[in-house]
Each structure stands twice: as C-alpha cells, then as structure tokens.
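See below for the structure under consideration.
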Amino acid sequence: MQQLPIEKYDELLAEKCRKLTALLAPFDAPALTVFPSPTQHFRMRAEFRLWHDYSENRGGNLYHIMFDKTTKQRYRVDQFPVASQLINRMMATILPLLKEQDVLSRKLFQIDYLSTLSEQIIVSLLYHKTLTDEWQEAAQALKVRLRNLGFSVQIIGRATKQKICLDQDFVDEELSVGDKKYVYRQVENSFTQPNAALNCKMLEWAIDCTRDSQGDLLELYCGNGNFSIALAQNFRKVLATEIAKPSVAAAQFNIAANQVDNLQIIRMSAEEFTQAVNGVRAFNRLKGIDLQAYECHTIFVDPPRAGLDSDTVKLVQKYDRILYISCNPQTLCENLQILSQTHRIERAALFDQFPYTEHMEAGVWLMRK
C-alpha cells in the first residue's frame, strides 16, 4: 500500500501558500484564503496500467501498477489512498473477477476509474485487441456480479477505434454547495474536477465573490456547467462556451436537472467566441443567439494549464469584473501582467486540489480600477 505523508500535510500546504503569495505579490494581492483538502481519499478518478505476472502460477496474476516518476520503474498498487474509498473497494474486487475470465483479462493493459460522492462508479477497461460479442457477454456478466456485490457500476470497453458501452457512459454526481444540492452528469473520458470536496469549496467561493452582481455573466471553458450552473443564481442571465461535444451534452442535461432557466451554452472555443464578439467572422452556431441581448459585466474563466491566449486576455479585460480560476499559477501570473494594468485583485484563494504534489489551484477576483 502506498503511504501518504499525512503528518506533513500542513507543512506542505504552508509551502504552497508561501509560493502562491510570492507569485501574486507583484500584483498587490490581498492575503490568501486557503482551502485545505481532505488528507486522503480525495481524488475521484484514477487510472492504472495492468501488469500480467505469469511467474506465480499457470493462470498468471493481474496487478494495478504505476511508474516511479524518477526511475520509471513500475511498482504494484493494491490500494491507492489518494483515490476515493469507492475506487479502492473496486480495485480490490474487480481484479480477481477479471482474472477468472480469459476473454476479459487477455490483452487488458489499463483500467480507468471515475467515481462520485453519490457512490456511482465507471470502470473503463482498455485493450490491445478487438472486442467481440463474447467479450461483451462476459463484461455484462461481470457488471451483474459487481452490482450483486453492491456497486452502482458502469463498465466500458475500449480498444483501437472501439468503444463498447454496456449501459451508459456517465455517472450523476450530487454536490452539496452551501445549503443547496446540485446534480452534475459526468461523462467518461471528459474533464471533471478531480477533488470533489475542493470543487464544492471552489463553487462556494465563486458564489460568494459574485454575490450581489449586476447584469449578466459570460463563462469561457464551461465544461459540464460545473461553475455556470452554481453561479446562475447570482446573475440575470449566463452565457457559457464549451468546445467538447460530450461536455456540452452533459451541461445541457445538468441545466435541466438543476432547473436553471437563465443559462445558455454555445459549443465553441474561447478563441472562436473572441472572433465572434470582435466581428472577425460569423458562426452558424450563434444563429438564434443575440449576443447584444446580454449585458455581461462579469466574466468567469477556468482555462487549461496554458492559460489564456493574448486575444482572449484582451477580451477578458473588457469586463468590469473577472473571476479567474487557474490550475497553473505561472500562466495565471503571465495573464495578470496584462490584466493588472486595468484591474485590481480584490480576493485571492488557494484551493489544495492536489495534495502531496506541487500543483496548485488558485482563484482571483478582479475589479476594474
């Protein structure tokens, strides 16, 4: 079992606080609000390579493995305390069942897990072979056995140019945010926030920052609607963009499931939306959507690790209030070099989404000077 340095958690978090405070110092940021993580079982998704060991017996054995970042050597993982308890239970349960069936275990090279606080889990089995009807029958029987053992599980098989979904390729998460509960459909192989407890804290912080806002909200990179659905209560209307089709479909479901009636999602990238707003080119996807009907005084961005491109930074700068969540404080600070010319940081936060690593999730709330 991989041991976590739980006794060092506070020390590691304090070091992150020092680093982020130093990064934000040139921008006169106020003191950080710090949101610690649970010290174990905080990660809702995990992926492992599979090792077939034929040295132990004729049937061979099957193990989850990971690779040491320094030596690149593989090591066996029977329990993974970083991951949710549900993932750990599934890890221990599924391998013996897979091993019983050659059609399920042969050429299986990776298992991905996606779990929820609502106790649902997707298990994706990745193969170096074509998946047949025989595989599908065996996988269906495996699913029944796991359900009989108390798991609310979906099983997906993947191979080159193949995806076999036995029932559905999503789970429905329930998050408690303040005094409200939100339902979020999460699709296999699409982005979701990995640390559910910290996601709830990020949503609460974002809601608190934008309380008593005037006008409308624009969100770029909305994913499955994680933030825009929770923030919609603070605005007259919300316009959100997302490029990935599965995420857009999940967002539309989530809008209906949470009975949000003031949120419109458009399938386009942040870069395309910038072109549309600036009149550089027209998009069929915007037919029927009157951008002039929105009075967006606030913009929310949660970009990929690369941060915002220069054109999008200029677009963001046009708004009076900017809420920026970043998974890479280095690129956040690069963007702040420009944004700080017109805006000041009113609030700053550190969300410890990734304990025991150097990765930091930061949030800043900016107002026009």
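Even glycines carry a Cβ here, placed using N, Cα and C.
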Candidates GLU204, GLU242, GLU295, the one Swiss-Prot lists with GLN193, TYR221, ASN226, ASP302 as binding S-adenosyl-L-methionine: GLU242
Cβ neighbours of ASP302 (S-adenosyl-L-methionine binding site) where a neighbour is any other Cβ within 10 Å: 21
Assigned element (helix, strand, coil) containing GLN193 (S-adenosyl-L-methionine binding site), judged by DSSP: coil
Local backbone state of ASN226 (S-adenosyl-L-methionine binding site), from DSSP in three classes: helix
Close in space, distant in sequence - GLN193 (S-adenosyl-L-methionine binding site), Cβ under 8 Å, 6 or more apart: MET44, ASN199, MET202, ASN226, GLN353
Residue among the binding-site residues TYR221, ASN226 whose Cβ has the most other Cβ atoms within 10 Å: ASN226
Cβ-centroid neighbours of S-adenosyl-L-methionine site GLN193, TYR221, ASN226, GLU242, ASP302, 8 Å, sequence order: PHE191, GLU219, CYS222, GLY223, ASN224, GLY225, PHE227
Chain-internal residues, separated by at least six, CB under 8 A from GLU242 (S-adenosyl-L-methionine binding site): TYR221, CYS222, GLY223, VAL248, ALA251, ILE265, ILE266, ARG267
